[in-house]
Amino acid sequence: MKGVWTVERVRAAERRVFERTPEATLMRRAAFAVGVRSAELLTEHTGAVSGRRVALLVGAGNNGGDALWAGVFLLHRGVAVTAALLAPERTHAEGLVAFRRAGGRIVRVPEDTEAAHVAVSTADLVIDGIVGLSGRGPLRPPAAELVNLVTGPLVAVDVPSGVDPDTGAVAGPAVNADVTVTFGGRKPGHVLADGAVCSGAVHVVDIGLGDELGEPDLVLLDAADMGALWPVPGPEDDKYTQGVVGVAAGSETYPGAAVLATGAAVLATSGMVRYAGPAADAVRTRWPEVIATGSINDAGRVQAWVVGPGLGTGAAGREVLATVLEKGVPVCADADAINLLAAETALWDAREPDTPLVLTPHDREFARLAGDVGDDRVAAARRAAERTNCVVLLKGHSTVVAAPDGRVLVNRARGAWPATAGSGDVLSGLIGALLASGVEPWLAAGCAAGVHELAGDVAADGAPIGASALLAAVPDAVRMVRAAAAASA
Ligand SMILES: NC(=O)C1=CN([C@@H]2O[C@H](COP(=O)(O)OP(=O)(O)OC[C@H]3O[C@@H](n4cnc5c(N)ncnc54)[C@H](OP(=O)(O)O)[C@@H]3O)[C@@H](O)[C@H]2O)[C@@H](O)CC1
Ligand SMILES: Nc1ncnc2c1ncn2[C@@H]1O[C@H](COP(=O)(O)OP(=O)(O)O)[C@@H](O)[C@H]1O
Ligand SMILES: [K+]
């Protein structure tokens, strides 16, 4: 697992480290890493370092100081570096002296705006040291104008400026980085909301904060974690011992949701899948291995239920949901099951206390259930999980999974191809399969989200896909995470 730490936690660690290591030492380590990564990018993009042009965007604080010291490193490598000072009276003093001494060129904004425009638009690479951990709100106008002129690769120092470091929210102009070099550990802004996209490839550098950071605020599962968690049958297993999945989904109007959710359960684990509902014929035709029946009351025993996709919110859907919640086994409730739970509080009483319930809302379903998501997706999911005593998986480009005890994991998508109709139905089937296999609900939801997103990426391979193609790529995605686990064992 990879950790993610909030600004408050990073600041606390920083204070403890400053007691034994001077601030300047930490800044040099940070800046050195920015310089090295920038030199690598120059080589990748232009074939050389020496003789190339780099522009620094330098704000009022230590983030600008990092950029200036990175500039010193690049000057020593023969790069022509221009620093555009956006708050000339508050520029990091030592960094500026060192930069001048190393032969760097300085332009002041707003006085030399024209020169700054030329430097940025003709640079082979631009370093964003406008603002870092103290950043609030969008880029201010002079910085936003300069960022708009960037054509070469853009390296953000610590956090792309204009992105809220703690929530990833972007409320206006922001830096869209190719690479973000960050220190000690990832920040929420790198993995959440629009910040996940603005950060580009995140490169974490050890500057000595490591042990002082403590337990992370959020975690990311990597492929090896998912591969290690994915259920695999053993020699003693048969079709029942691996956990039977039940799917209560679909309706006369939406049989496809049933076919997709059931198919995901079939492909996620071996063992057995049961289906109960009005789409039994459609499910049987597409997935002959599924034991399908028309009524929830004839469904037989299962170890976990998936309920909701395409279910409808009428009396029949309500009855199915209440029946499933009373079964006393883990449940993944998606789509109309969430809408029903949001509309009718009495339905919660049907739930066997303490049986795990995983809710998988998108933003609009979340709003019905627990109010507007707002800018802080982690706080919203955490609050809802605590209040409902459920695992809450909040869908999106970055999927946030909160457990009732406050643990949160995030899955940051590689691309947006999984944003296709029916893709959520596939996700719910995957979660149900992992729940039935006995994977802990919070990890089951996180692991399913990761494999789902990977399957979307693999299936798309650069072209649009439908949910059926995403579903068909699930076995490839499972093979990939299992291979990653085997490689890291
Ligand atoms: N953690 C670590 O261990 C280490 C951290 N280090 C580095 O220190 C950085 C944090 O530095 P920092 O605290 O000096 O503040 P920083 O982010 O540069 O902001 C400066 C000022 O910008 C302003 N401002 C705010 N929002 C703005 C906006 N939207 N657009 C424009 N301006 C905006 C605001 O001032 P205002 O103008 O509002 O008065 C704010 O005070 C950190 O990210 C990392 O790079 C490393 O050096 C070594 C080890
Ligand atoms: N911009 C995006 N980038 C990556 N994944 C996305 C994006 N938007 C949505 N997704 C994913 O696509 C799926 C959509 O689910 P959902 O909204 O329930 O669709 P449906 O109801 O049509 O099945 C979720 O897994 C979600 O995380
Ligand atoms: K920055």
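Glycine is treated like the rest: Cβ placed from N, Cα and C.
Among the candidates Asn62, Asn63, the one that TrEMBL lists alongside Asp128, Ser161 as binding K(+) is Asn63.
When TrEMBL records Lys395, Gly396, His397, Ser398, Thr399 as binding AMP, the matching candidate from Gly371, Gly424, Gly429 it lists for that site is Gly424. Largest Cα-to-Cα span within the AMP-binding set Lys395, Gly396, His397, Ser398, Thr399, Gly424: 14 Å.
Listed in chain order, the extra residues whose Cβ falls within 8 Å of the Cβ center of the AMP site residues Lys395, Gly396, His397, Ser398, Thr399, Gly424 are His362, Leu394, Val400, Asn411, Ala413, Ala449. Residues Asn63, Asp128, Ser161 make up the record's K(+) site, and a Cβ search at 8 Å around their centroid adds Leu57, Gly59, Gly64, Ala67, Gly129, Ile130, Val131, Gly132, Gly135, Ala156, Val157, Asp158, Val159, Pro160, Val175 from the same chain. In the set Asn62, Asn63, Asp128, none of the binding-site residues has a C-alpha within 10 Å of the C-alpha of Lys395 (AMP binding site). Annotation for the binding-site residues Arg136, His362, Lys395, His397: lowest Cβ count within 10 Å of the residue's own Cβ, Arg136. Cα distances from Arg136 ((6S)-NADPHX binding site) to the binding-site residues Asn63, Ser161, Ser398, Thr399, Gly424 are smallest for Ser161. A gap of 27 Å separates the Cα atoms of Thr399 (AMP binding site) and Asp128 (K(+) binding site).
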